[in-house]
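Novice: Annotation source TrEMBL lists domain 'Inhibitor I9' at 11-55. What TrEMBL records for 75-403 is domain 'Peptidase S8/S53'. Taken from TrEMBL, the feature active site, charge relay system applies to D84, H148, S409.
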Amino acid sequence: MHMPGFSHIGPESLLYSYKRSFHGFAVELTEQEAQTMAGMDGVVSVFPNEKKELHTTRSWDFLGFPKQVETTTIGSNVIIGVLDSGIWPESDSFNDKGFGPPPSKWKGTCKGLTNFTCNNKIIGARYYRSDGEYEKADIKSPRDSDGHGTHVSSTAAGNIVSMASVQGLGLGTARGGFPSARIAVYKICWLFGCTDADILAAFDDAIADGVDIISISLGGSTNNYFTDSIAIGAFHAMRNGILTSSSAGNRGPDLATLSNFAPWYLSVAASTIDRKFFTEVQLGLASIIHWTRNLVKGKIVLCDGENDGVGQLLAGAVGTVMQGRRPNSGVFAFPLPASYLSLEDGNNIYSYINSTRSPTATILKSNERRDKFAPNIATFSSRGPNPTSHNILKPDLAAPGVDILAAWSPISPISEISDIITMTKFGVLLAAVPMSAEKNPGAEFAYGAGNLNPLNASNPGLIYDIDPLDYIKYLCGQGFSTKLLQAITGDKSRCPKGSDGAVFDLNYPSFALSTPPLEFYKSCFQSDSDQCWTTNMYI
């Protein structure tokens, strides 16, 4: 690699060179060097190698997509590339019984790995760590020590596995949305997080390897398409006919909290299904007190606000009850018996403790019941509007992402205490049919076009396909020059003459319309300004 003006930078400073599917590199630079490089011809963007965070059975039946639906032989030729924390290949969800050899289009690899073997279900596996530094708990291979990547992979394409549960909860048949599909694994997330350099390297390989779909359930925070590694990678995937599906984010319920919002990939909100896990508290039996650290040993502790239960366990408590304002839209695993209650229920217990000489309580075994109000959008799911293009609706749609039972890494603790590892093959995460605006604050900003409808998706009716040129025109309308476009695409793309690339010209399956605040219109009606009336006529 030759960089004029940077002759002092040696090969040891180069972390990655992206050249299989797009052009770029990750390199160690000073702040001044980065600014100088950003001003050079042919450079689209220079941005720091920041960390992104991971976003967190019954779900497919709830969507109206039962396991009896026949899959065609075409399905076994579909390859889903999962960019995440790796995979646990020995899980029953990834058994390759009944699978033939990988499709001939596959150009990926699974060679030179320690203690990891692919099969005809998991047909490829790679791992990335730009600085070569690993924590003690990290496994230097595509093997998953976190659980998140295994969960995401099995949710997307896991085999049909009967009698699946987490310690008896959610007992039933677990399966992915596309059990006949193949999986290609790209491990980019480690104990400390997922870096932009590794994300781009994985996109570069996945596109060239021949995947059909890319799944990535993580995100950060940036409002610029081309300083965001996921948006950059997904753009080049789109130009190669590959769909990228991403999670909307985990920063809800506030508005404008989206992590992933570029128009050339799917941004998916997390919705509930008609199964809800709960843990009831019964007053009586074991001693219960309000939190006082030196008095909690052997007792159930009532705490103000939600926490991970670690403090109570280390102080000797036998259980904990938490009270708070956060609406409970998902299940969490704790290292000791625990329940999270509303402020009203928590206050009732607090009153009981203060009015009883020897207050006692029992935390009952967790159970499940039907949620008749589903589907709703989870409180943690990020909301729109789109921070970069207000008139492009994001998220695009919603899909089950709360209390989803799927395969898990058996060496990953299901609670926050790493020394307490409960061996389990399955785990539960917090991971379009029109939905109700009355039940979902934020309405379309929460759920986009609505809940995924997998049966109708295969026969949607009239389709106007979108292609890369549509996005090129859109970027022109966003102020990108022909010179910058050519640097992005690596070809001779140009802004078409006579087209300003207005956002409403983008061939998008939904639309949004941003309007000025009400105060603007009030002032317009009191004014004779042509601009005011033009704006109002347009609206």
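Count begins at 1; order follows the chain as displayed.
Any Cβ shown, glycine's included, is placed from N, Cα and C.
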Novice: Measure from the CA atom of D84 (active site, charge relay system) to the CA atom of H148 (active site, charge relay system) and give the result in Å, rounded to a whole number.
Specialist: 7
Novice: Express the distance between the Cα positions of D84 (active site, charge relay system) and S409 (active site, charge relay system) as a whole number of Å.
Specialist: 13
Novice: If I restrict to non-local contacts, at least six residues apart, and a C-beta distance under 8 angstroms, what lies near S409 (active site, charge relay system) in its own chain?
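Specialist: Those within reach of S409 (active site, charge relay system), by Cβ under 8 Å and sequence separation of 6 or more, are W88, R143, D144, S145, D146, G147, T150.
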Novice: Near D84 (active site, charge relay system), how many other Cβ atoms are within 10 Å of its Cβ?
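Specialist: There are 26 such Cβ atoms around D84 (active site, charge relay system).
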